[in-house]
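Written below as structure tokens is the structure these notes are about.
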Amino acid sequence: ERRERERKLSKEMAEKATRELEKMQLQEKAEVKYKEWLKKKKVEEAEKKKKEKEKEKEREAELQEKKERSEKIFKEWLHDARNKPRPIFNGYGFPRGNSTGLYSYCTFVVT
């Protein structure tokens with residue numbers, strides 16, 4: 001009985017040791033996979049930030065180009081507005097400089 005108990009005990013200890021060994025191996029594999037996953041995520045995050053920076057640069061370039069174009073168009077308009085001929089006096093009774101047939105104070109001259 002004593003030998004049998006010792007065999008059972010040694011068998012249980014061996015099984016326990018193999019379970020612990022398997023558990024440690026699984027844990028090591030999990031750590032390796034986690035590190036690989038973490039490395040992959042860092043690379044993806046770096047690529048994502050790089051793409052965002054490129055998009056931001058493109059957006060800034062487009063805004064700068066749009067601003068320059070707007071300033072150029074405004075300057076052209078301002079130059080043209082200064083050189084534009086002024087409208088002829090459009091007073092009451094004289095649209096486009098011609099009399100409309102309405103009488104003015106000057107037509108009633110006493111002779």
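In case you wondered, yes, glycine gets a Cβ from its N, Cα and C as well.
Counting residues of the domain 'Coiled-coil' (2-106) by DSSP class, helix then strand then coil, yields 87 helix, 2 strand, 16 coil. The domain 'Coiled-coil' annotation in TrEMBL covers 2-106.
Annotation source TrEMBL lists region 'Disordered' at 1-20 (among others).
Annotated region 'Disordered' per TrEMBL: 45-68 (among others), in sequence order.
In the predicted model, residues of the domain 'Coiled-coil' (2-106) average a pLDDT of 86.
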